[in-house]
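Summarising the annotation, TrEMBL assigns active site to LYS13, ASP133. The annotation ATP binding site is assigned in TrEMBL to PRO94, VAL95, ALA96, SER97, GLY98, ILE99, GLY100, GLY101, GLY102, SER103, ALA104. Residues annotated as domain 'GHMP kinase N-terminal' in TrEMBL: 70-133. The domain 'GHMP kinase C-terminal' feature in TrEMBL is assigned to 205-267.
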Amino acid sequence: MTNGTIVENAFAKINLSLHVTGLRADGYHLLDSLVMFTSLGDTVHVAPAETLSLTIEGPFATDLDVDDNNLVLRAARSFGVPNGAAITLHKNLPVASGIGGGSADAAATLRALSRLWDIPIPDAETILALGADVPVCMTSELTRMRGIGDELEKLGPAPMLDIVLVNPNVGVSTATVFNGLGSKSNASMSNDMPDPFDIDEWIDWLARQRNDLQTPALAAAPVINDVLAALSAQRGCELARMSGSGATCFALFEDSDAQDAAVKALRLAHPEWWVAKTDEAPT
Ligand SMILES: C[C@](O)(CO)[C@H](O)COP(=O)(O)OP(=O)(O)OC[C@H]1O[C@@H](n2ccc(N)nc2=O)[C@H](O)[C@@H]1O
Ligand SMILES: Nc1ncnc2c1ncn2[C@@H]1O[C@H](COP(=O)(O)OP(=O)(O)OP(=O)(O)O)[C@@H](O)[C@H]1O
């Protein structure tokens with residue numbers, strides 16, 4: 001690692017619930033979503049350099065091009081200064097998979113370059129222009145996210161959770177899934193949100209919420225149904241749901257033994273799927 005390298009984590013986000021409550025005139029949808037972050041994620045490394053460059057490494061590196069559309073380079077350019085940096089993205093998360101990898105990478109790049117260049121992070125409007133999920137990824141806290149992703153209510157630390165993530169190695173386009181929505185105007189989350197540290201009550205409450213994008217995502221990628229069925233069938237699975245616009249689904253397990261057994265069984269039954277064990281991101 002070059003002397004002076006700064007590393008920022010880009011933790012994966014999970015939309016524990018995702019209600020689509022309206023449609024704006026510009027085509028963006030209004031959301032009401034409970035978002036948490038997992039300890040699994042990409043990492044962004046930035047080192048001093050004359051010019052701006054990006055190298056991508058890691059298990060999902062080959063699924064991404066190093067071009068001007070890469071969210072890491074877009075984030076670097078959003079500072080509006082001609083500074084240089086040698087950026088390395090270690091890509092551990094599947095691409096276009098509903099767990100916000102690109103958004104988390106952009107947020108981590110903003111934090112890292114702000115430190116490297118010793119200049120402020122760009123304003124809220126600039127951050128939102130990188131993607132609707134980028135504002136919530138600026139911190140990795142449990143958050144109620146509303147508006148189009150720009151109204152954030154931080155809810156404090158997330159509870160300790162035994163989580164399994166499964167992606168069937170099918171990328172899903174966020175725009176296609178939003179466009180496939182039947183009703184654009186659904187009920188918001190219920191406001192009687194329980195204490196996240198009363199896990200049983202919290203999971204009961206979560207089970208009564210929804211991901212409104214699950215139905216249109218299933219139409220785009222029917223294999224999501226197989227993922228949800230496989231997760232739900234595991235012993236100790238307390239909740240299984242799709243995250244974001246898919247295709248990654250998450251399941252919450254009653255304990256780490258059940259979580260480990262589920263990971264083993266799913267990898268054996270579906271070697272073609274990405275199956276990951278994780279927990280809540282550190283605060
Ligand atoms: C589905 C979520 O992941 C939930 O957290 C996000 O809302 C998506 O966030 P994102 O991937 O950062 O989204 P963007 O890159 O800003 O937008 C991709 C496309 O998704 C649609 N989009 C996104 C966010 C939103 N609130 N309404 C939308 O309709 C738009 O068609 C947009 O062209
Ligand atoms: N660094 C990056 N990592 C991942 N995707 C990127 C990156 N840069 C650009 N992209 C593009 O952004 C799109 C969304 O990627 P991402 O992995 O963030 O999807 P997602 O997990 O579905 O996001 P969200 O949950 O925010 O909708 C993909 O089409 C991908 O090609």
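Backbone N, Cα and C define each Cβ position, glycine as well.
Projection of TrEMBL feature records onto the structure.
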{"residue": "LYS13", "record": "active site", "contacts (Cβ under 8 Å, 6+ apart)": "VAL35, MET36, PHE37, THR38, ILE99, GLY100, SER103, ALA104, ASP133, VAL136, CYS137, SER243, GLY244"}
{"residue": "PRO94", "record": "ATP binding site", "contacts (Cβ under 8 Å, 6+ apart)": "PHE60, ASP63, GLY101, ASN167, ASN169, GLY171, THR248, TRP274"}
{"residue": "ALA96", "record": "ATP binding site", "contacts (Cβ under 8 Å, 6+ apart)": "GLY102, GLY171, VAL172, SER173, THR174"}
{"residue": "GLY98", "record": "ATP binding site", "contacts (Cβ under 8 Å, 6+ apart)": "ASN15, VAL172, THR174, ALA217, MET242, SER243, GLY244, SER245, GLY246, ALA247, THR248"}
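Ligand 1 lies under 6 Å from the Cβ of the following recorded positions, listed in sequence order from PRO94, ALA96, ASP133: ASP133.
Take the CB of ALA104 (ATP binding site) and look out to 10 A: across all protein chains shown you find 28 other CB atoms.
Mean per-residue pLDDT, taken over the domain 'GHMP kinase N-terminal' (70-133), amounts to 97. GLY102 (ATP binding site) falls within a helical segment according to DSSP.
The DSSP breakdown of the domain 'GHMP kinase C-terminal' (205-267) into helical (H, G, I), extended (E, B) and coil residues amounts to 32 helix, 12 strand, 19 coil. For ligand 2, the nearby binding-site residues are ALA96, GLY98, GLY100; that is, of PRO94, ALA96, GLY98, GLY100, ALA104, these have a C-beta under 6 Å from one of its atoms.
Close to the recorded ATP site, the chain also has ALA12, LEU93, GLY244, THR248: residues not among PRO94, VAL95, ALA96, SER97, GLY98, ILE99, GLY100, GLY101, GLY102, SER103, ALA104 whose Cβ is within 8 Å of the site's Cβ mean position. Look at ASP133 (active site): DSSP puts it in coil. The Cβ neighbour count for GLY100 (ATP binding site), using a 10 Å radius and every protein chain shown, is 29.
In three-state terms derived from DSSP, LYS13 (active site) belongs to an extended strand segment. Reduced to three states, the DSSP call for PRO94 (ATP binding site) is coil.
The Cβ of ASP133 (active site) has 26 neighbouring Cβ atoms from other residues within 10 Å, across all protein chains displayed.
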